[in-house]
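Scroll down for the structure; my scribbles are underneath it.
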Amino acid sequence: MSETDPIYAPFFGVIGAVSAVVFCCLGAAYGTAKSGAGICSMGVMRPELIIKSIIPVVMAGIIAIYGLVVAVLIVQRGQDLKKLDVSLNQLGAGLSVGLSGLGAGFAIGIVGDAGVRGTAQQSRLFVGMVLILIFAEVLGLYGLIVALILSTKTISSFDLLINIPLILCRL
């Protein structure tokens with residue numbers, strides 16, 4: 001830790017790791033619960049489709065793995081987290097994967113519930129449901145990619161301050 005880095009700098013890195021796991025697991029839990037409710041409802045009408053309909057639950061569970069991977073990468077930075085710029089990068093990485101995982105989990109849950117119920121009534125909807133689930137899963141994957149880039153890159157505080165206006169102008 002240099003003299004310019006505050007003592008609370010590691011806090012941001014730890015919050016990044018926590019937010020990666022917590023938000024991704026919340027999204028995965030919601031997706032699993034909502035899809036599971038649809039599977040249970042569909043299983044009453046068409047019990048032979050239960051195994052085929054487990055796809056949304058599996059895809060929701062993958063979201064939690066994204067958060068775990070990023071949290072492990074953040075924690076492995078160890079002594080680097082004492083630097084404020086590195087720690088803020090890790091916070092950004094954790095929030096990136098966490099919030100995108102939360103959104104992806106919500107999307108998977110809603111699509112999985114409606115898709116499984118619809119597939120029970122019309123089997124031709126299955127391919128469409130799987131495609132929509134893939135698009136929902138990709139939202140979490142985008143957050144993982146951004147988190148991996150942020151987690152492995154070190155930006156100096158000076159570069160960060162110079163580039164913030166440029167980044168905001170692009171939004």
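Counting starts with 1 at the first residue shown.
Positions of Cβ are set from backbone N, Cα and C atoms, glycine also.
Keep in mind that what you see is a predicted model, and the values were worked out from it rather than measured.
Pulled from TrEMBL:
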- 15-74: domain 'V-ATPase proteolipid subunit C-like' (DOMAIN)
- 91-150: domain 'V-ATPase proteolipid subunit C-like' (DOMAIN)
- 12-33: transmembrane segment (TRANSMEM)
- 54-75: transmembrane segment (TRANSMEM)
- 95-114: transmembrane segment (TRANSMEM)
- 126-150: transmembrane segment (TRANSMEM)
Secondary structure content, the domain 'V-ATPase proteolipid subunit C-like' (15-74) (per DSSP, counts of residues): 57 helix, 0 strand, 3 coil
For the transmembrane segment (12-33), sequence-distant contacts whose Cβ falls under 8 Å of one of its Cβ atoms, 6 or more beyond its ends: 56-57, 59-64, 66-68, 70-71, 74-75, 77, 81, 84, 86-88, 90-95, 97-99, 101-109, 112, 140, 147
Secondary structure content of the domain 'V-ATPase proteolipid subunit C-like' (91-150), with strand meaning DSSP E or B: 57 helix, 0 strand, 3 coil
